[in-house]
Amino acid sequence: MANVLQTSFLPSTSSLRRTPISGSKGKSPVLQVKAKIREIFMPALSSTMTEGKIVSWMKSEGDKLSKGESVVVVESDKADMDVESFHEGFLAAIMVEEGGVAPVGSAIALLAETEDEIAEAKAKSQSSSSSSSSSSQKAVEEQPKQIEEAAPDVPAASSVAAAPPVSAPKTVALGSAVHPASEGGKRIVASPYAKKLAKELKVDLWTVVGTGPMGRIVAKDVEAAAVAGAVDASPGKPAPVAPGIELGTVVPFTTMQGAVSRNMVESLSVPTFRVGYTITTNALDALYKKIKSKGVTMTALLAKATALALAQHPVVNSCCRDGNSFTYNSSINVAVAVAIDGGLITPVLQDADKVDIYTLSRKWKELVDKARAKQLQPHEYNTGTFTLSNLGMFGVDRFDAILPPGTGAIMAVGASQPTVVASKDGRIGMKNQMQVNVTADHRVIYGADLAAFLQTLAKIVEDPKDLTF
């Protein structure tokens, strides 16, 4: 579901005047109806969002807007979201251009109720911009003159401009090809429909050159790339390489990386401890091979097993937010960490203990697709009560995970590997085993709680008949 643009009223000097019909007596006096100019604010798309970046404007200045129509794509700290207009009117003035960042609650555009108010809205926008520029200029002029004296040999701006423009063409071409919201070409900027079309036509957006505003990829670019690919495809063609990293450069955090950074620092205030456990996975591996063809994923199996264990140990599914009390969560929502371009996000499998494994697997695939397209809605990533982090697919045998704020525990899952083990009767054999390490909030969860939970989880994994019910 798309979010709704927040707006506030700015009274307009323009008016519509209704006059009484001539000859009518005792009628209402002249009625003056003032049209409105509304400020469109940067919406809060998540509980942790403090600012948002304008990825792209889907409408241009002067375009008519209908209620519920998508206007702008905003990058929050977790996802890119289409934002809808809550009112009808005309997009009169864009105050924050594509690639710009604005605090939550600040004005990013003006919406006029009628066409007559567009010019006035633009004047208001320009007046606001001029005020901001004057303030910035005044701040610059008030800086100590020692800054100028520190670099006496720097040529004046006029002399720099007069120098031979050797590299000017290259700079202009780069600026016109790289969208300002792409962070120097490190992320793809495309319209939502173009992304959907690229998925359907199996077109790699990294290979597409955008012809939209400021180099944004639009639908016709994807269609052209699909046609060209069908004609020029060759088996020996090397795979496209992502833009390289320039060593030695300082790169500011993206919005998502900033949010991850804040959460990780916040987690340091929670007293945590860790408990590890070894689980034999032969039976789980056999079950996975049996039902894999039906679309079941190992992630869904682990999430289901974890949820069933949490149902028997509700304290491990609890959380402490104020330091004075804790909450037994009414639902078991298993969040699973997913690495995406430019950050990390935790899509949530809600009520994982109650949903069958086949539905759970379909839901997980849907969430991953939305996460990688940065299209997750807030309730799909911020409602987790317990978190899984699995690096087993990379061959990692064990690791510790950092507790996300607002939850009680997170479990790090390593790879299942053949291991030589001794049975109780002294015989030597081979079994597949994985290491799991749980990090928990020690204000609420104690060592005995985690030990009991892990014993239950091991029983479910080693005898997984309940996972398919």
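The backbone N, Cα and C atoms fix where each Cβ goes, glycine too.
Over in TrEMBL, the protein carries these features:
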type     : residues : note
COMPBIAS : 125-137  : compositional bias 'Low complexity'
COMPBIAS : 139-148  : compositional bias 'Basic and acidic residues'
COMPBIAS : 152-162  : compositional bias 'Low complexity'
DOMAIN   : 37-112   : domain 'Lipoyl-binding'
DOMAIN   : 189-226  : domain 'Peripheral subunit-binding (PSBD)'
REGION   : 121-162  : region 'Disordered'
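Summarised as a single figure, the pLDDT of the domain 'Peripheral subunit-binding (PSBD)' (189-226) averages 80.
Residue counts for the domain 'Peripheral subunit-binding (PSBD)' (189-226) under DSSP, helix first, then strand, then coil, are 24 helix, 2 strand, 12 coil. In terms of DSSP secondary structure, the domain 'Lipoyl-binding' (37-112) contains 0 helix, 40 strand, 36 coil.
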